[in-house]
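Chemist: One structure follows; several queries about it will come next.
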C-alpha cells in the first residue's frame, strides 16, 4: 500500500532550523542594512517605495488589472496612515519666500511643534522629470545630510509628497555674499577673511571626493555670526581614483567658469579640483575690484575673454590692490597645469596674502567676522531680496492610461537627521542578552544528540516517497501552465501590434491637426496682409487728400511701394504653402483611412484571441478545481500522519537547537581568545612606538645643540670680517662724489623736459585758435546751405511725374490682391469639405464602437450561462476522475475542449445559434450527470473499504507511538545530564569574563602610559621652541652688533676725522641740491597739471560746441523742410496741382525719426539698468538728449554720425543674457565707427580686444566657438541652436553677431551669408538701445537700416580722435558698486 503524502516540508527544503547561527547572523546583517541611513534599502527608502507604488498605481485605468486592484485594496489604507504619521509640509508655517529657481523655490518656515526656524527648499517633481539629466538633487541631499562639516549648510529633514520634494535646511540669516558686496566696498582685510573661509569650505568638499563646479558669491551664505557656508551642490561631481572628472558639458555660471570646463563642451571633458580654485580667483577679484575680471555684455564676449585670459586679465589703476593679492589672483587665473592649489590646499594656505595677526587657519571660525548681520528676530529676512508671488498655475502629472512610474525616481529621498525608527531600545538589549545566555547553556547538547539522527533516518525515507508523488503532480501542473503561457504570449504580440498601429494613427492625426493649424495660421497671415494692403490704400488716399493743400515727401510713397512689394511676395509664398498643405492633408487623410482599416482588422483578431483566452481560462479553472479536490483527499489522509510525526519534529528541533547553542558558545570562546591576543599585540606595538618617539626627540635635541654651536663659530668669523670692512670706507667716499655728479646731470635733463612741455603748450594754443577758425567757417557753410534750399525746389517738379507712375502701379497691385482673395475663398471651401469628411469618419467610428460594446455585453451574458452550467458538470466529472486513470480522463477532456472551441467559434457568427447549442449541451450534461451518480454509488463502496484499511493503520501507529514514548524518556534523561554540563560551561564563562576584565585593566593602564608619554613629548617640544627662540635672539643680537658703527682704533685718528668732515659737507650739499630739485619739480609738475587740465577743458568745450552745432544743424534741417513744405503749398495753391504732386526728399519731416529710447547703465554685475534718452535721427546725425529741455537748448548728451553706421539689428537672449527676458524683444543694437561718436563723458568701459588667433575667419566673419543654453535658432538653416543640457556646437560672429551651427563650417556649406560689418574692430563700438514696445523697436530698426551707407566708411587717419579718450575713465579702471557707510565690526 502506498503512503499518503505529508503536508510538511517541500522537496529541497533545508534541514537546518530557521534560528541557527548562520541564519541569525544574516538577519543581523539585514537589520544593519535597514538601520543604516546611507543604505539604499533603509527604513525610509522601503516606506518611500511602498508609498510610490501606491501613488503610481492608484488610477482608474490601472485598477482594471485584478492584481493591481488587489494590491491597492491591501495597502492603500495603511499607506494613507503612514503618510499621516510621516513629516509633511503642513507641519511648517511659511513666513516668506526668500528665493525662486527653475525647479521650485526656497521658503523661510517655522516648525509648528518645536517653533524652530528653517529654510525649506521645494523641488517640483513634474519639472525635474520633464527636463532630462536633472537628478542633481541626490548629490545635494547626500552632501548636506552626511558632510558633518561646519563649512556646509546642514540638512535636517528631507521628505516628499506626490508633487514636491522638500529639503529642510538650516537658515542662514546673513544672506549671500552678493548682497554683502552690493552693500559694502569690500576692503582687502575682509576679502582675505572671506577667501580663506571659501578655501577651507572647498577643501572640505574636495576631501569628500567631490568637485563643486559652481563656486560663486550667490552660493556662499552667511550665518548669524557672519561666517561663511557653501550651498547649492546640484552641480557637484564625484572624482575618480586619479582625482579627475570626465564630463562633456560645460557646467557653471559664465563669469566664474574655468577655461578647461569651457573646453569640455567640445568633448575633452577631463579636469580636476583646480576648476574650483579658478572660481575662487574670480571671486577674490570681484571683491577687491567690484566687477568680475572677464565681464562682457554678451555670453560670447565673456567666453572669448576667459579663453584668452592671458591677455584679457588686467587690474584697474585706481583700485588699491596689494602685490600679494594680485599675485594670488594671477596664480588662480592661469592654466590648470600651473594653477595654485593643483597639488593640494597647503599651497594656498602658505601664500603670503593670508598672513595676518587677527586669525590663523585653525581658529578662523572662532574669530569675529568682519560683518555680523544685525537681526531683529529669528525670522529676520532683510538680507534677502523680496520675491514676487508666483501666480502661475502649477503643472502636475497627467492621469496615465498605463503604468508610468513618475514617483519611482524619488524613492529613498526621505531623510531624518534624528532617526528614531528601529533605534536600540533597552528591551531589545535585554532580549539579546537572554538569548545569548540560552545559547551558552546548550553548548554540550550537540555532542550527545548525534545518536538520535539514526532513529530519524527511517522517517525521512517515508517522507521522500511522499515527495516523489508531489513532484509527479507538480509536473502535470507545469505542463498546463506552459500551454497557458504560450497562449498569453500570442495575445501579447497581437496587442503590441495593435498598439503600434494605434500610435501610428495618433501620429497621423496629430500631423493632420498640425497641418490644419498651419493652414489656419497661413490664412490669418493672409488676412493680416489684406488688412495691410487696405491700410496702405487708405494711407494713399489720405496722401492724395493732403496733396491738395501741401506737397509731401516721396520717400513715404517709396516706403509704401516697398511694403506693397513685400506684401505681394508674402502673399505668393502664402499661396504656395497653402497648396503644399492641401497636398499633405490629402495624403494624411488617405493614411488615416488605411490605418482605420488596419485597426478594424486587428480589433477583429483581438476579439478572436479574447474568445480563445476565455476558453483557456475556463479549462484552467477546471484543472484547478480537480487539483484542489486531489489536495483535499491528500490532506485528509496526511492529517493522521501529521499527528504521529508532530512529536518526531519536536525532537528534531530540540536536537538542532542543541547544535546551534554548542556552535555559538565555541565561536564566542574563539573570539575572546583572539581579542586577548590582539590586545597583547597592541600593547607591545605601543611600547615600541613610545621608545622610538623618545629616541627621535633626543636626536632632534642633539641636532639643535650642534647647530647652536655652529652659529656661534660663524658669528666669530663675522666679527673678523667687520674689521676689514672699515678699511673699505674710504672707497665709499669716492662713490658718493660720483653720485653727486650724476644728480647734477639729472637736474639738467629735467630742465630740458620742462622746456619741451612749454613748447607743447604753445602748440596746443595754436590748435585752439584753429578750432575757432573752423567754427567761423562752419557759420559760412550755413549761409551756403540756405542757398541750396532754393535749388531743391526745382527738384520737386521732377518728383510729381514719378508719383503718377507709382499710382498706376498701385492699381495693378489692387487687382492682384482681389485675385488672391478669390483663391483664398476656394481654399477655405476645400478645407471645410475636408473637415466635414473627418467628422463623418469620427461618427462612423463611434457607431462601430457602440455596436462592438453591445456585442460584448451579449457575449458576456452567454458566457455567464455557460459557466453556470459547466460548474455543475465539472463537480461530477472531478469525482469520476479520482477513481479512473488520469490518461483516459485527459483524452476525454481534450475532445470536450475541442468541441467547446468549435461551439464558441460558431457562437461568434450568430448569437441565436449559440443559445441553441448551449441548450443541447445542457441536455447532454444532464445525461452525463445521471451516469456519474451511478458511478458515485460504486465509489462509496470503495470508500468504506478504504476506511477499514485506515483503522488498521491507526492501530499500527499506536504501537509505534508507545515505542517512541520510551525513546523520549531516555532522551529526557540525557537532557538532564546535558543541563549539568551547561552549568559547568557557565562557570567557565565566568572565569573567562574575569580574564577579560584583567585585560581591560591592562588596556587602561597602557592608555594612561600613552597620555603621560604625550605629555613628555609636549614638554620636549616646548623646550625645542624655547631653544629656537633663544637661537634667533642671539642671531639678531649678533646682526645688530655687526651693523653698529664703532670707532676703529688702528690707523691715524686725524685722517679719519678729516674724511668724516668732508663726508658731512658733501652730504649737506647733496641734501640742498635735492631740496632745490624737488621744489623745481613740484613747481613744473603743477604747471604741467594745470596745462593738461586746461587742454582737457578746451577739448571738452570744443566737443560740446561741435555737438551743439550738430543739434543746430538738425534744427536748421527741420526748419528748411518746413519752409520747403510752405513753398510747395503756395505753388500748389497758385497752380492748382492735382493729386499727383511731388513729395519731399529724404531730409524732410517724414524721414525725421524721434522718440524716447533707453541706454544701458551698469548698476550691478548681474543685471542691466536703463536710462531714458530723447533720440532724434536727422539726415546726417543721431542725437541723444537727456530731456526735451536739453533738446530745446541744443544741449545733446551724445551724437553719432550716420555715415559711420555699420549695422543695426534686433538682439537675442544670448547677446544680452544679463537683461530681463521681457525686455529682449524691445532691445536693438547699433554698430558704428569709433570716430563717428561725440559724447559728454564716458560711462561704459571699452572691452579690450583679444588676439585674432582665437577666431575662425570665413566670408569676412570672425567666428567664436560657443554653446547656447537659451532659446536660439541658426540664422543659416533656421533650426534650433540650443539645448538646456547638451547644446550642439555653435559659432557666433563677433562683428555682426550672426549665429549658426558649426557643422555648416565643417562641411563647407555655402549657406552662410557674408559679414555685413567690414571694419577694424579696434575702431568699432556697439550700442544697445531699449524701445518702449516691440513695434517701436521694429520701426527704429527698419528706419535706421535704410540710413546705413552702402559702402562701409573707411577710417579717417586725419579725423579727430574719439572724445572718449579725452574725458573717459581709462579702459582698465574699475566700476565699483554704490557703497554705503561701512558698519563697525561687532563681536560675534
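Placed from the backbone N, Cα and C atoms, the Cβ positions cover glycine too.
Keep in mind that this is a model prediction, so the values were computed, not measured.
According to Swiss-Prot, the protein carries these features:
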| type | residues | note |
| --- | --- | --- |
| ACT_SITE | 214 | active site, proton acceptor |
| MOD_RES | 414 | phosphothreonine |
| MOD_RES | 722 | phosphotyrosine |
| MOD_RES | 1137 | phosphoserine |
| DOMAIN | 1150-1349 | domain 'PH' |
| MOD_RES | 1212 | phosphothreonine |
| MOD_RES | 1362 | phosphoserine |
| COMPBIAS | 1362-1376 | compositional bias 'Polar residues' |
| MOD_RES | 1374 | phosphoserine |
Chemist: Expressed to the nearest Å, what is the distance separating residue 214 (active site, proton acceptor) and residue 414 (phosphothreonine) at their Cα atoms?
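Modeler: Computed Cα spacing between residue 214 (active site, proton acceptor) and residue 414 (phosphothreonine) is 26 Å.
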Chemist: Can you name the residues of this chain that are 6 or more positions from residue 414 (phosphothreonine) yet have a C-beta less than 8 Å from its C-beta?
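Modeler: Listed in sequence order: 44, 45, 47, 48, 86, 158, 159, 160.
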Chemist: Tell me, what is the mean pLDDT of the domain 'PH' (1150-1349)?
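Modeler: Looking only at the domain 'PH' (1150-1349), pLDDT averages out to 79.
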Chemist: So how many other Cβ atoms are close to residue 214 (active site, proton acceptor), meaning within 10 Å of its Cβ?
Modeler: 19
Chemist: Sequence gap of 6 or more, C-beta under 8 Å: which same-chain residues meet both conditions with respect to residue 1212 (phosphothreonine)?
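Modeler: Residues satisfying the criterion: 1224, 1272, 1299.
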Chemist: Tell me the coarse DSSP state (helix, strand, coil) of residue 1212 (phosphothreonine).
Modeler: coil
